[in-house]
Structures are given as C-alpha cells and as structure tokens.
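Accompanying notes for the structure given below.
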C-alpha cells in the first residue's frame with residue numbers, strides 16, 4: 001500500500017468512517033453533531049425562560065388567584081383581626097358548638113363556554129334521572145308484591161272451592177250409594193268422614209290377670225292375644241303406607257264416579273236420564289266449565 005493511500009488517523013473523515021455503522025441513540029460521533037446539540041440545548045433552555053417570563057395574562061391571573069385562595073388570611077387583615085378580638089382562634093371551627101366548617105367553601109370558577117345555568121340544569125337532570133330510576137324500581141317491586149298477593153288469594157279461593165265441591169260430591173255419593181243399597185263406600189274418602197267413636201279403656205277385659213299363676217291355658221291365651229296385636233300392627237302399617245290423595249285428586253275421581261255410575265253432576269245438581277242427556281245438557285266435569 002502506497003503512502004498516498006494511507007489514511008489520516010487524526011482526521012474527522014476517519015472517525016466518521018469508524019462509527020458510520022453505529023446507530024446507537026444518544027451518541028455524538030463528530031464535532032459538528034456536538035456543536036448542533038449544544039445549540040439546540042441552549043435554545044431549549046432559553047425558550048423555557050422566555051415562556052416563564054412571558055406568560056399569558058390569563059395564566060398569570062390563574063396562578064395568582066390559586067396562590068391567594070390557598071393561603072390563609074394573616075393577622076394584618078382588619079376583618080380577621082376583628083374576629084380574633086371576638087374570640088376566634090386560627091384553625092377553630094365556626095359556630096357556638098365548635099362543630100362547624102373549618103375550611104372555607106372553595107370557589108369553583110367556570111373554565112368552559114357553557115352558560116351559567118347549564119351546569120345547574122345538568123345536575124337537575126341527573127337528579128331527576130336518579131329519582132325516576134328509583135320510582136321505577138319501587139313500582140316494579142310493588143307490582144311484584146301485588147301479583148304475589150293476587151296469586152295467593154286466587155290459590156286460597158281455588159282451594160276453598162275444591163274443598164266445598166269435594167264435600168258436596170261426598171254427600172251426593174253417600175246418598176246415591178245408600179239408595180242403591182250400599183252400606184260402605186268403595187273408598188273411605190268417597191263419603192263424608194265419620195267422627196271416630198270414643199274407645200273406652202277396660203283394664204279387666206284382657207281375659208287374664210297378671211297375678212294369675214302361669215298355666216298352659218293362660219300361656220295359650222297370651223300367645224293368641226299377642227298374635228292378634230301383631231296382626232293389628234301390620235294392618236295399621238298397611239294403612240299408613242296407603243297413598244293420601246290431594247283434595248283436587250279426590251274431587252276429580254269422585255266426579256268421574258258420579259258421572260259414570262249415576263249420571264250425576266254436582267254443579268248442575270241434576271241426575272240425568274242417560275249418557276246423551278248428560279253430554280247435551282251438562283257443560284263439563286269441572287267448576288270452570290259451569
């Protein structure tokens with residue numbers, strides 16, 4: 001390599017070639033970049049100082065106003081001095097009881113172009129919307145309560161009608177069955193319930209005495225009585241296991257029995273001549289159809 005082709009290692013061109021591919025941010029690679037950076041930095045500082053010195057009038061007024069409102073009244077104020085002579089102390093709450101306001105009411109200045117009454121109107125609208133939502137919620141709750149009450153009343157009336165119709169059906173069934181010669185109902189609930197007869201307890205009716213000596217005859221009697229009691233208990237268990245129908249189910253089955261057996265309708269109060277007469281004259285097998 002000749003001397004003409006050798007690089008000057010002290011020149012800016014050599015340094016620029018060395019860092020040409022270095023793109024890391026914040027690095028200053030030449031004196032020109034350093035000088036431009038210093039100029040930009042000084043300009044930025046100067047602009048900030050000018051901005052602080054040449055603030056708009058409204059900004060200066062706002063800063064002074066905030067400074068004045070945030071600072072407490074000093075003793076040099078005549079009004080405050082008069083309050084102190086009347087017994088007021090700095091930081092004390094106003095009022096006789098000492099439970100009043102300590103800090104003054106803050107001043108809210110408008111910074112937008114809205115009218116003086118716009119914010120008040122918006123507040124009233126928001127309050128009205130809230131009150132309307134509360135009224136609607138109360139109305140919904142009231143409607144639900146009324147509907148529940150009506151449903152309960154309808155259910156009670158329906159149950160009362162079912163019991164009354166069942167009683168009429170049982171009475172009619174007993175009358176018609178008795179007229180046909182039946183002495184007992186097919187099902188116990190098909191006739192009006194009978195009041196249970198009082199059972200008189202008789203201690204001497206058991207057929208043997210506890211103090212009686214043990215003999216084969218007495219032993220047989222006791223076994224027979226014990227076996228009879230076991231049979232009674234089994235019958236009672238079978239009765240307990242029987243299905244207990246609802247009044248509406250009893251009424252439905254008893255209505256079917258009266259219509260099929262005797263061509264009788266409790267709501268019409270008539271015993272018809274034949275099936276055709278029943279179909280043509282009776283509206284149906286329910287209270288609602290009548």
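A Cβ is built for glycine as well, from the same backbone N, Cα and C atoms used for every other residue.
The annotation compositional bias 'Basic residues' is assigned in TrEMBL to 32-44. The compositional bias 'Basic and acidic residues' annotation in TrEMBL covers 45-68, 219-228. Annotated compositional bias 'Acidic residues' per TrEMBL: 201-215, 229-246, in sequence order. Annotation source TrEMBL lists domain 'G-patch' at 75-121. Annotation source TrEMBL lists region 'Disordered' at 26-76, 173-248.
Tertiary proximity for the compositional bias 'Basic and acidic residues' (45-68) is limited to same-chain residues at least six positions away from its ends with a CB under 8 Å from its CB atoms, namely 109. Sorting the compositional bias 'Basic and acidic residues' (45-68) by DSSP state (H, G, I as helix; E, B as strand; all else coil) yields 21 helix, 0 strand, 3 coil.
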